[in-house]
Amino acid sequence: MEWSCVPRIFSSHFIAKMRKRCLHCTYSSYCRQHASFKLVNKNSLKPSMWLNQHIHTSYRPLDLPWWLCVKSIFHWNNETINVWSHLLGFVYLCFMQYWCYTHFLPEIKAVSSDYLVMASSMFCSQICMILSSSYHIFGCQSSTKRRKWLRADLFGISTGLLGIYLSGIYTSFYHFPEVQRLYITTLVGIMAISVSIPLYASKKSEKRLGVVHLVYIALALFGLLPTWHWVQLHGGFSHPHVMQWLPSLVILFSLVGLAFVFYATLLPERLYPGRFDIVGCSHQWWHLIILAAMVYWHKTGILLLTHYHTSDQYMNGDARLGLGESELLFGTKAMGNSTTAF
């Protein structure tokens with residue numbers, strides 16, 4: 001790192017010698033003048049500042065100014081992968097949204113609701129990514145700021161789940177508007193619960209954190225209900241459309257479930273404390289798998305919309321022929337060949 005008040009004509013060796021004489025660089029955890037900081041171990045911090053009790057080293061010091069927090073993402077520490085996984089995910093999702101708006105949706109002659117739902121769903125994922133990255137960038141400053149950024153991070157997780165549900169419900173029940181409205185209305189209630197989670201977690205305690213985890217698991221499991229309903233509306237698992245697209249749902253649930261396993265069990269660092277401080281800890285796996293799930297689901301939605309807009313049955317408007325409203329809502333009638341929905 002270059003010392004700003006030293007002329008550039010001096011060698012890096014001379015600058016290094018001068019910095020050794022800096023009292024802040026020598027005795028403080030960070031130096032504003034030289035824009036440097038020292039990593040510390042968990043014994044130098046309160047437990048509230050730990051990633052978890054099994055991550056022992058490579059923590060950034062307390063009270064870093066915001067610009068040093070930003071600079072720290074370019075140095076190896078125990079938050080580097082957490083930051084960059086979702087920061088790059090945010091950039092990728094922005095690119096995907098731009099591509100959808102300028103190329104994909106116009107090419108398939110999408111309707112206005114397609115534009116709205118795809119934009120909203122991807123925007124929810126972008127919020128999740130950027131708030132997660134911000135929490136891991138600025139959460140090292142103090143316990144108070146860490147709690148505030150944690151609430152923002154939890155809000156981002158809630159928003160990301162809503163985005164997944166929104167696109168899933170919209171595309172799954174694309175030709176069943178009554179059912180689609182029912183589940184989207186239900187999403188409003190889920191949104192209220194999701195928004196309240198960060199507020200409920202503001203007073204940090206082990207019990208309340210446990211409740212928060214259970215609520216998120218319940219929100220994730222809620223997706224099984226519309227999945228079952230979707231299968232019933234198509235007459236069962238043997239229907240060609242179900243056989244084609246059900247594996248995508250299985251992959252999504254498997255990815256989200258695997259991510260929660262890492263998040264809850266703190267593996268592998270629970271088994272080998274201190275060995276996964278920088279690379280390979282559970283939270284990094286959580287980040288990478290959640291990002292993979294979101295990207296995969298958005299790509300699946302794109303493929304499904306393409307299928308709808310290029311399907312002969314969709315173009316002929318025959319997808320809902322012969323179904324009454326109660327049958328649509330409760331799936332009480334198996335669909336024959338003339339009423340197959342895609």
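One is the number of the first residue shown, and numbering goes on along the chain from there.
Positions of Cβ are set from backbone N, Cα and C atoms, glycine also.
Record features (TrEMBL):
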TRANSMEM  81-99  transmembrane segment
TRANSMEM  115-138  transmembrane segment
BINDING   H136, H283, H287  Zn(2+) binding site
TRANSMEM  150-170  transmembrane segment
TRANSMEM  182-201  transmembrane segment
TRANSMEM  213-231  transmembrane segment
TRANSMEM  243-264  transmembrane segment
TRANSMEM  285-308  transmembrane segment
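Stretch with the most C-beta contacts under 8 angstroms to the transmembrane segment (150-170), considering only 115-138, 182-201, 213-231, 243-264, 285-308: 115-138.
By the Cβ criterion (distance under 8 Å, sequence gap of 6 or more), the transmembrane segment (115-138) is counted as touching the transmembrane segment (285-308), at least 3 such pairs being found. Taken residue by residue with DSSP, H136 (Zn(2+) binding site) is part of a helix. Among 81-99, 182-201, 213-231, 285-308, 285-308 has the largest number of CB pairs under 8 A with the transmembrane segment (243-264). The largest share of C-beta pairs under 8 angstroms with the transmembrane segment (213-231) comes from 182-201, of the ranges 81-99, 182-201, 285-308. Under the three-state DSSP scheme, H283 (Zn(2+) binding site) falls in the helix class. On its own chain, H287 (Zn(2+) binding site) has I81, N82, S85, H86, S132 as residues at least 6 apart in sequence with a Cβ closer than 8 Å to its own Cβ. Cβ neighbour count for H136 (Zn(2+) binding site) (all protein chains, 10 Å cutoff from its Cβ): 26.
Taking a C-beta cut-off of under 8 Å and a sequence gap of six or more, H283 (Zn(2+) binding site) has these contacts in its own chain: L51, N52, N82, F262, Y263.
In sequence order, E79, I81, N82, V83, S85, H86, S132, Q284, W286 are the same-chain residues whose CB sits within 8 A of the CB centroid of H136, H283, H287, the residues recorded for Zn(2+) being left out.
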